[in-house]
Amino acid sequence: MKNTIIIILTIIFSLMKHGYTQCGIETFQCKNGDCIKSELLCDGQADCKDSSDETVVECTKAEIICPNYAFRCSYGACVDGDVTCNGIQDCIDNSDETLSRCTGISSNMSSSASCRKDQFTCANGHCIDKSSLCDGKADCADNSDETYMQCGSIICPNFSFRCAYGACIDGDLKCNGVENCADGSDEDPVKCKYTTGTTSTPPPITQRPIPPISSKFCIVPPKPENGYWKLHKSYCCDMQAGQVCNDCDVAQGTRLEPGQELIYKCNPGYKLSKDTRPFCSLQGKWVNIPECKEIRCKGLESASTGVSCRRNGGYTPCSNPVPGTEAILFCRNGYKEQTNFASSRVTCNKNGEWSPNPIQCIPACGVLPVQYTPTIVNGAPANISEFPWHATLYRAENSFAPKRFICGATIIHERLLITAAHCVYDEVAQKLDDASKFYIVTGNIFQDYDSPLHNNITVKKAKVKHIYYHCDRYRGLSGNYENDIAILEVTPSLTLSNRLVPVCLDSKDEIKLENGMYGKVAGFGKTASGEFSAMLQQITVPYVSYSMCKHSSIVPETGQVLITNDKFCAGYVNGSSVCNGDSGGGLIFSSNTLWYLKGIVSVTISKTTGGSTTCNSDTYSLYTQVSNHLLWIQDIILSIDQQSLLPVCPT
């Protein structure tokens, strides 16, 4: 909660001491050059983007005086005395919530049952070494070891620099361009004489509304719709005389002086649009006037979660429910309930929150449709229900150009697919191709992007939004296709169902590939005639030991060994093999009825006959081992789920 408190100061003294700022009178200039209203200085909340309005340097100046009814934060700001220990951070350093009366820790205790004599007890009860107290660095999670209360009375050695709140740091650290005091006072521009050009910026004027020198006033505003306000109790009676005061009513048309505050409250079923306290400014205008908005809970329905709602015994829409609405949730096809203590039956409470916490539905992986019975036939046409995670990658110069089939891919998330890096890499230019040139189709058994034979129920299309790959390690052909793996982020997100399912990732690497194990792969790869298959094909292939794989991965014409540290072999030498065009597809293995992605089709050895190159189906194929890249894959999935930025490869 932001609380505006009248601070008594002498403007004449401020003007003489500081002069005018580039922001003008009745404003404060932040260190970054921004301007804010002077009444927002040292009010407990950072109004400057760089937080320079809430520092010990500014808030402990002589002209910043807190009224008797206010609480002074550890760094000097003033907030309403009623807000201490209310569970809300009103001081920027949280010192209003770390008082001994808030935490239950006695103020004269130097140690507790859990802290040794050589340790300091933080306000939250945690222990730190006493040598870390007042050293400029906050070692307590609540910063209680670096406050004016703890450090204001200590004596610093002659060779040290004293921070504005009292901590001691090495004198050589002053003005070195790095903030070594917890409040940044060792890098104060005035002390360090920093300049941003040929002209220096004068220190800011620190002024607040002062009723005696203003001829302007505010007319009390109308009552808010669905709410009311009262005058702050400090203006209703003489608190300094020991009177017990309450917020009071004021008649319409009453004139209030600058600095006077109103307390807004809403009727049941409504809440304030912002946590601010309105006050009368020096210009005679009300600042921070809130509205009373109806309390609603956020909608719970999504692509993964279905919901039905009831209120007062009848069904009601779930889009923007009011308190008292009960919601019953379920996970849609293709999703499952995340294992935790959440509930599938929740109620919208009076604060506009669902209680208890609603279930979270996550993609169900590696599950085949119930009606499917697996078959093992090498080179046979694939039923798409056998590979509900398979996708096809296409490339086009622009959105109007024909989409040309490139590779296979595998769904691992509603927004992410895995393929081979060489499918999206420009070998000539030695760089990643433009993501906007790639397109994805899922649920298709016919190769053509716009085939009239596509099943419109199962076939879905998306565009590639971003491509992630090992830009610092992948070198294509010159690197023997090591780290031949890429992740495609698509838009729009895929709508998962029992027909469109992500494959499982063996996150603990529990499935160890051994001789005698068989996996499956699907694709539109070239046939023995050298043409891409028009229909999706599947093949079941055995895992091949490393020694046999290494011997077979030598290119006869050049002697080049294609196997690298992140590769393994699978396949036959009898004419059944994956081929060009199968690249990027996933090699999957079954464990406990679930299917896991263990390899990505990477390299096949071709043969040249009559001047043309065709697939050599009499050699093993090399697959990128997914387990070697699991941490990288999981980092990307986590970043996508948390909507955080990922490092971008240089272009």
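Glycine is treated like the rest: Cβ placed from N, Cα and C.
Predicted automatically and left uncurated, TrEMBL annotations should be read as such.
Between CYS23 and the candidates CYS35, CYS42, TrEMBL records a disulfide bond only with CYS35. Annotation in TrEMBL places CYS66 in a disulphide bond whose other cysteine, of CYS59, CYS73, CYS78, is CYS78.
According to TrEMBL, CYS122 forms a disulfide bond with CYS140, chosen from CYS102, CYS134, CYS140.
Along the domain 'Peptidase S1' (376-638), the predicted structure has mean pLDDT 86. Checking each of the disulfide-bonded residues (CYS48, CYS156, CYS163, CYS168) against CYS35 (disulfide bond), the C-alpha distance stays within 10 Å for CYS48. In this structure, the disulfide-bonded residues under consideration are CYS73, CYS127, CYS140, CYS168, CYS181, and the one with the smallest number of other Cβ atoms within 10 Å of its Cβ is CYS127. For CYS163 (disulfide bond), the same-chain residues 6+ apart in sequence whose C-beta sits under 8 angstroms from its C-beta are VAL56, GLY136, CYS151, ILE169, CYS181, ALA182, ASP183, SER185, ASP186. Measuring Cα to Cα from CYS91 (disulfide bond), none of the disulfide-bonded residues CYS48, CYS140, CYS156, CYS168 fall within 10 Å.
Take the Cα of CYS48 (disulfide bond) and measure to each of the disulfide-bonded residues CYS73, CYS115, CYS122, CYS127: the nearest one is CYS73.
A separation of roughly 27 Å, to the nearest angstrom, links the Cα atoms of CYS140 (disulfide bond) and CYS66 (disulfide bond). Secondary structure at CYS48 (disulfide bond), as computed by DSSP, is coil.
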